[in-house]
């Protein structure tokens, strides 16, 4: 997981978090900023890792006020930086070794070892500190090594202050004696040392040797034990019994290892294992449910993602809930993402309690009528059931009422009861309304292609199955109690509506509250709109298609034989620029395209000037190269038709030239591909539908070559049919028009028939595949046996 936070050092002492945020927000989108003023460092979070890397490149070694800052990518909280510390320490040592040390002018001797200096200091002492009767000459220091046996018996811990004080008081003896007031053995050593000293003493030393320093601190029993201990020879002190080392057997060691208590299990993991639900806090306030789902879905399937919002201001509260289908996935997400950065903030993940659910009381429901029971259960399962969803479903009665009202006739006249093709007329009317609805939605910024995908959004809803005559104001009054509406679209037919809410939780409440609710004389169907439904197109009012001039559904001959393949996308990142002025140079063309993103070079094609040798003339066109195909397409849309040197530029994608054979081969392949997409298979066909109905339904969109309805042995339909058109263009138009049409209450499922093998080798492979399948069936039949056979148990026993 790439980092989205940067580390900033060298900040001014008076800088605050808000000022740091404003400084970085001048260039990039900032989600978090925090300053530690005592250490003059801070952290800044960004929406994505690309923004963080660009911020490091832009702000590193820049200035805030008069302070030069250092910006680098922040390390993770649990990152192991021991190697960095070791490298930094080695670098410090190497720098210290390489730095030359300052040499003194002369080598000076240690003051304690300089005899002349000691003599001078002794002579210059004041009279109060000088000796009275002893030899006032300086006595050289004698470095006496202590007996290692005595040192071994002493404790390793000594009071440093007492040692320095006592050594200063006994400089005349020439022996450094260590004495601790809390240990009797060291006190005895000090007394013996002072008594056995044969050197001359002054009055203070003599008095001190006759006085116990532990006077009044010891009891009588302690003094007696001290005297008894002092009278023993030194050999007794050194002869101490060594303490035997503690030994273990192999079995005891194993038992001791097994007896070590294991660390207690994490209580959070146990809670997550029970609920499978996570509580995430410290999230950016602009984080959406889609962003969280994209991050957490790599650990397992997510059942629900909910971002808590403030209903008063319609803003996020900074925390969310995620419900996993499996608890193991939730545990893995907790281990991997807790404490990690998400859009510039460090997430804190905790176990969440189970979501409150209100289950239906089966006993109470059983007392209600059966129809009421089905309605209650269907409404309770509306939020989770997606099987019955059909995006562009419309109430058949509403469709016929809408068409009859705009034609100025009654429904009975529109649907002649004596006619045998009433179902086909109804299908044509529904197809017409669906086409009109698609055109209206497309003109108002709705992505029609999004209806083909399975992923659903969380802010828009589709309202369907209401009767004709319900207005957009009725829909608005119905939805406004659940939240703020940002968009409401209803086509002129008045058979379907799209409602978009400001927040996802408002849309979810509306979905649960409006599902299967009675509106007028029908039940309201609610469906979640597809993801990325709106593409930001302009909002225009579409006139009714029925009020315009009637146009034939058929196609002309030129349309039939028109090239069937769509316009090919750009295959290169080079643009061909025509209609250049002859005075335009490479520099002028480069200056025009240089501000565009991804520009590499621009060149105006020239030829030698026959009248002026050595000079060249412009040929009126040139080429511009970009880094990527997308950048070239953006430049084409931006500058096509731009006037340069009083000439309007004509810009097209540049293509490599092909020879005649390759061009002919490409055309032949296009014709073959076009011929293969002329046959359509119609699935989910009603069993009552006849060949005549299929022909009447599909003939309105092109010239049919044949229609075939397979039948069973009893001459009843098998539920599917085939329609073969003359050209692939007509087949595609029929496919687009009838994709959501219903015939006799069934939604038609249209697909192109799989390509048939034209190569002889491919045909042989298909035949071999069929033969192998038949052989396998025969083998399985032989293994299963011809069937049941009679046998006699008595005869088998006698044998």
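A Cβ is built for glycine as well, from the same backbone N, Cα and C atoms used for every other residue.
Residues annotated as compositional bias 'Basic and acidic residues' in TrEMBL: 229-238. The feature domain 'RRM' is assigned by TrEMBL to 4-76, 276-354, 459-531, 573-656, 678-755. Feature annotation from TrEMBL assigns region 'Disordered' to 90-163, 187-245.
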Ask   = Could you give the number of helix, strand and coil residues in the domain 'RRM' (276-354) as assigned by DSSP?
value = 22 helix, 32 strand, 25 coil
Key: For the domain 'RRM' (573-656), the mean pLDDT of the predicted model   = 86
Task = Could you give me the DSSP helix, strand and coil counts for the domain 'RRM' (678-755)?
result = 21 helix, 25 strand, 32 coil
Request  = By DSSP assignment, list the helix, strand and coil residue numbers for the domain 'RRM' (573-656), in that order.
outcome  = 19 helix, 34 strand, 31 coil
